[in-house]
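Trainee: Dumping what TrEMBL says about this protein:
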type     : residues : note
DOMAIN   : 21-378   : domain 'DUF7802'
TRANSMEM : 39-58    : transmembrane segment
TRANSMEM : 70-89    : transmembrane segment
TRANSMEM : 109-130  : transmembrane segment
TRANSMEM : 151-173  : transmembrane segment
TRANSMEM : 193-209  : transmembrane segment
TRANSMEM : 216-237  : transmembrane segment
TRANSMEM : 249-266  : transmembrane segment
TRANSMEM : 278-295  : transmembrane segment
Amino acid sequence: MTAVSLVTGGTITLRDPVIDTWALTVYNPLDMLKLNPSFVVGEGLFYILAAVTFIHAYSNRNSETGSPLTQWLGCFLGGSVVEFFTTLHPQIDNAFHSQACIMLIDRMVAVYPLVGLYGGLQYISLQLAFSHSTSKSESVGTKVALGLTSGLIGHVLCELLDSTGTYFLWWTWHEGDPAYLSRRAGVPLSSGFWLYAQIASLGLIYAFTRYRSCIYFILGSVFIMPVLFLLPFITVFHPLDAMYGRGELASPLLVAVSAISFFIFVGKLNKVSMKSTLALAWFYILLMAVMWVVFHTTAATNRRYSYGQAYANRDCRGEMEMIGWGTIERERYLCPVKIDQDVYFNMDCLHTHPKDDTEWYWTCGIDITTEALNEMIFRFSKAVALLIFLGVGSRSKEKSE
């Protein structure tokens, strides 16, 4: 049991897990509801999404567009490899999960993004893209366009989770890491770009392997995608961000390229019905919207006890460390002067701050700002517009045939 005193005079407690081993930790959801109700509900949402997408993949495993079951497994395994590596490797170590009801590897890795984001949402993105083509003799340009279309769809859908997790304290970032310094409405620009790059990379691999043995896509997802998705960062994001201070242009640039490639190569291909996959995407958006309506006014009451950036109760600016195998320098500590208006948590609810050098500590949620709320409305609007566009295009094709 871990407890902390609050400035209000009460205490907040994280009760001991019901299962607690190095490999697997399971908390009682009723205990976790007292800390962050939105997180418990969101975690459940993504387990449901994982289940319904896996059932969809299994039920349609002999599809004209390839093997959906292979798609789901490859998305899940490839995304999990990236998640484990970036979360656990000390040379990266720049994103920190809050304690979900089910955690892996010394309470460091949450299960819900492995199955719900990587297995579920990435699968939906690829399914919607590849429903546009049944050809086994596509040109290289068409294959690339299908991969980029996967990234575009995934980027728009995953943006909802990307911002929700930040605003509702489902995770925190390393506030001194240069990859996360450029932000829009408090959300790191590189995070959304990463989701685009990863899903587009999976789409490219699937485009070149979908009519081959399933092992090709699975091996490509595990061994090629974690390298391939770095290329857009090296060639687009980092030059725009570091050299010109315009990292916010990276995602719109690739989205524009993806949209152009879609209209040139993909839009007029022979489609198969995507009604069931669109229904999954609408289901996800609806549940996220309901969750926002219910919980956006309670964000300031969220509490988090979990692993994070090392803390120092002093002015820690200028205290640096090297990561990325000696290629990246970042500020080592989180300290009071670095918890500013761009950070969606603080420690104002705590009676005392953490001890120096601790990496497990309590943090407090903050109110959703008007800027953040407007950003969420914008992201929901994009997601709805995208699904309407895909749905109208699919129905138009069916009528013409």
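Cβ coordinates come from backbone N, Cα and C, glycine included.
Not measured: the values here are computed from a predicted model.
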Trainee: What average pLDDT does the predicted model assign to the domain 'DUF7802' (21-378)?
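Mentor: Within the domain 'DUF7802' (21-378), the model's average pLDDT equals 94.
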Trainee: Honestly, do the transmembrane segment (193-209) and the transmembrane segment (249-266) touch, with at least three Cβ pairs under 8 Å and pairs 6 or more apart in sequence?
Mentor: yes
Trainee: Would you kindly list the residues that approach the transmembrane segment (70-89) from elsewhere in its chain, counting only those six or more residues past its ends and only Cβ-Cβ distances under 8 Å?
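Mentor: Answer is 53-54, 57, 95, 97, 105, 108-109, 113-115, 117-119, 122-123, 126-127, 130, 198, 202, 205-206, 210, 214, 217-218, 220-222, 225-226, 229.
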Trainee: Does the structure show the transmembrane segment (109-130) and the transmembrane segment (216-237) touching, where I'm treating 3 or more Cβ pairs under 8 angstroms (sequence separation 6 or more) as a contact?
Mentor: no
